[in-house]
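Below is one structure; the comments refer to it alone.
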């Protein structure tokens, strides 16, 4: 008798376990039903897209239903729309055309948009995967001065980056040209300069150089050689430092380090920074206008005007 109860208990536990699995499998199928069903694109009349939610997908990866991909107001995260609705406006003979609307702060508006849907079997399939459409949009300022300011800031940042890279590259090139050049030429130039110095150093009376060449050379070598601590050893070919010494008379690699070149580059860099900052402040601090509310654009940073307005933009359909 006890054995029969034990068998019944095992059957009951197994039934509960299997029923739980069936319920989970049914719920899983329902959750992915949108990814398995197809619909004719031209029959879709309205798309309601929400921020932070993902699309369904069958062949590719899901995408965000709404994604900002640029525009002059792309940094204004708090002004992003929460919902966008797109309405089927008919076909242009190639694909469905959409009008997308969103409720936004009056300081921004929708720019260029792109409605993207997943083709059911292939990208250009007339049928799409249900709930697979998303919208990529740009967010623009409605105020012309702020729009120009954002464009100028972006352009200035790129110019500064390019200038800094070029400036650093020029410095590195000059350093490698200075320190990495072979020292054989410098040594030969130094030897020639030493010979000229020994022959022409004022050690006697004018007119006696031809007759007393040997005496002058011996005298110069004895009196101005490396043994005299007050005068550098011109015949020493081993430089104290790791870089080749500058050749003031030969016009060699040392020309890179002439003060005029680096002073000019530094001055140009500082002038460019000052000029760009001045333009930046000029754009972001426009003179007050009595034709618009003071609360809309009182400063360069934007927290929005607090006034909502409807914004719309038009798009075709891209496939993935």
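Heads up, residue numbers simply count up from 1 along the chain you see.
Cβ from N, Cα, C; glycine included.
Small disclaimer: the values here were computed from a predicted structure and weren't measured.
Given the ranges 116-136, 137-157, 158-178, 179-199, the record in Swiss-Prot names 158-178 as transmembrane segment. Looking just at the topological domain 'Cytoplasmic' (179-320), the mean pLDDT is 53. Here the topological domain 'Lumenal' (26-157) is broken down by DSSP into helix, strand and coil counts: 30 helix, 54 strand, 48 coil.
Secondary structure by DSSP for the compositional bias 'Low complexity' (307-320): 0 helix, 11 strand, 3 coil.
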